[in-house]
Amino acid sequence: MNKKFVNKMINLAYNSKMEHAKILVVGAGGIGCELLKTLVMVGIDNITVIDIDTIDKSNLNRQFLFRPEHVGRPKAEVAVSTLKELRPSLNVTGIQANITNYGNDFFQNFAIVLNALDNLEARRYVNRLCVSTKIPMIDAGTQGKLGQVTVHVPHITACYECEPKPTPKTYPVCTIRSTPSKPIHCIVWAKYLYEALFGLRDPDNILSDLQKKAEGFSDLGKELFNLLFKEELPEEAKKIEISIENIVGSQINEDKIGSLQEYAAGFIYAVENLKSREPKPFDKDDQLAIQFVGAASNLRAANFKIEQLNLFKTKEIAGNIIPAVATTNAMAAGLQVIEALKILRNKNEPKNVWISEHASDSKIIVSGNMPPPMPKCYTCSVGSVKVKLNFNTFTLGDLVSKILKNELSMQNPTLNLENGSILYESGEGLDEEDEERYAKNYKMTLNELKLADGVRVSCDNFSTDFTIKLIISHDENQELYEIVGEIVENEENHKENGENQNELKRKSDNSDERECKKLKIVEDIEN
């Protein structure tokens, strides 16, 4: 960008309602820091930034609002104080919280939402709130030297979920459990182990059997070490021939590859600290979780004579991190601000923009028109989804966890039948009688609940004002489930437009018969 162009964009900010608009920035990481800095530098006065994380030492090489003395403090809080040093009169608010704690009432305070997130679930949540409140959202992500900025204006352009996301990498269960051959296999195993022991309990976890065994241990760290790395091993694995009895727990060095004794000490240290805290899902920025995964994965690597990795590299792989490039983050953030100026000025048409590593027609930044909403997107356009499953084996809990939460990203769904009765509800405000009834329903199969073939279930997620209708058909040959046939538009639109029904067919994994069921390892763009 030349100086003349930059000055022009700054003048646009001062000469438009952008100067006084309330802006919500979600995320204060690599892109978020650059985004906040750029907004302030072009004269934006009213900014709210929300981020759940605290500052880690590894953030300092690309998140330039933070300094070494800030390590351990909330990102949102420190970002606000640094921005006020640039402009003391700035009206900026920092919130340390998960964005999923906020709903429509909060979002309605803002003119535009700028995403600087690093995971798919949070992006979907923000997208649904923006669709519900009709607030424009501009999303950005980078991957090394690649980047993109996409503009989403509700009901005018495609929403974030209109386009399918890349298929996640998968690994066979038998490879993870019995025949690892690469460091990634050991790291995936260690993450499943963490979730089974110290995360939110999931009966579908491939290591849930270890969770039950561990419940009877009196000295969890040492007994678990002996079980995992010395006793219950496949024939081709080598036992770790060290005595755990006299080893004292201590943290692993982040930069170097340690000895087996050091990893054993790191394992004991992590287990002893993790067992005394509340269960929480794996997070790449959780130092205890990373210590556990780093120690466990390297000990398992030793069992199978696999290359060991230092903690820094383990964190990259466990968090699906591609090392960020600060320049790419700055470019993406600058492009977000330019597109926001266009929307709030309501004069120039916004564009989706891509940053490429190699020039195309002498350009590394390429823009394109925003596509219209996809008529079959279940977030912004459609009303119902058809599902096939076996009513005799599929429980209501399976329906909630596997389809509504995993497939459709609903946090706290409420399920209603067409006769008005509530089948299931979660969240705060339930009395004891309702909680007991819904807990009982959760464990029952659809057949035991006396649901008929072709039943229509209305599923509401009130926090995001998101509703979808499931049309559920019985298929006794289904081992798991299948989202199949039609993703149907809202019935009124469907009759009016007469558009073809989408022949989307997405089968759940049925490879249990072959023993090696595929596991999904979600790759999020690193911000």
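From the backbone N, Cα and C atoms, a Cβ is placed for every residue, glycine too.
The model shown is predicted, which means the values in this text are computed figures rather than measured ones.
The following features are taken from TrEMBL:
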type	residues	note
ACT_SITE	Cys174	active site, glycyl thioester intermediate
BINDING	27-32, Asp51, 59-62, Lys75, 118-123	ATP binding site
BINDING	Cys159, Cys162, Cys377, Cys380	Zn(2+) binding site
DOMAIN	15-352	domain 'THIF-type NAD/FAD binding fold'
DOMAIN	250-315	domain 'Ubiquitin-activating enzyme SCCH'
DOMAIN	387-478	domain 'Ubiquitin/SUMO-activating enzyme ubiquitin-like'
REGION	491-514	region 'Disordered'
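When the binding-site residues Gly27, Gly30 are compared by the number of other C-beta atoms lying within 10 angstroms of their own C-beta, Gly30 comes out lowest. Neighbours of Asp51 (ATP binding site), defined as other CB atoms within 10 A of its CB across all chains, total 26. For the pair formed by Glu121 (ATP binding site) and Cys159 (Zn(2+) binding site), distance between Cα atoms is given as 15 Å, rounded to the nearest Å. Taking the centre of the Cβ atoms of Cys159, Cys162, Cys377, Cys380 as the Zn(2+) site, the nearby residues of that chain (Cβ within 8 Å, site residues left out) are Val131, Ala158, Tyr160, Glu161, Pro373, Met374, Thr379, Ser381. Distance noted between the C-alpha atoms of the residue listed as 'active site, glycyl thioester intermediate' and Cys162 (Zn(2+) binding site) is 35 Å.
Counting only the Cα atoms, the space from Cys377 (Zn(2+) binding site) to Asn61 (ATP binding site) is about 39 angstrom.
All protein chains shown were included, and the count of other CB atoms within 10 Å of the CB of Cys162 (Zn(2+) binding site) stands at 20. When the binding-site residues Cys159, Cys377, Cys380 are compared by the number of other C-beta atoms lying within 10 angstroms of their own C-beta, Cys377 comes out lowest. For the binding-site residues listed here (Asp118, Glu121), the lowest count of other CB atoms within 10 A around the CB belongs to Glu121.
Taking only the Cα positions, the spacing between Cys159 (Zn(2+) binding site) and Asn61 (ATP binding site) is 33 angstrom. Per Cα geometry, Asp118 is the residue among the binding-site residues Gly27, Gly30, Asp51, Asn61, Asp118 nearest to Cys162 (Zn(2+) binding site). Rounded to a whole number, the C-alpha distance linking Asp118 (ATP binding site) with Cys380 (Zn(2+) binding site) is 22 angstrom. Long-range Cβ neighbours of Asn61 (ATP binding site) (same chain, at least 6 residues apart, Cβ-Cβ under 8 Å): Ala326.
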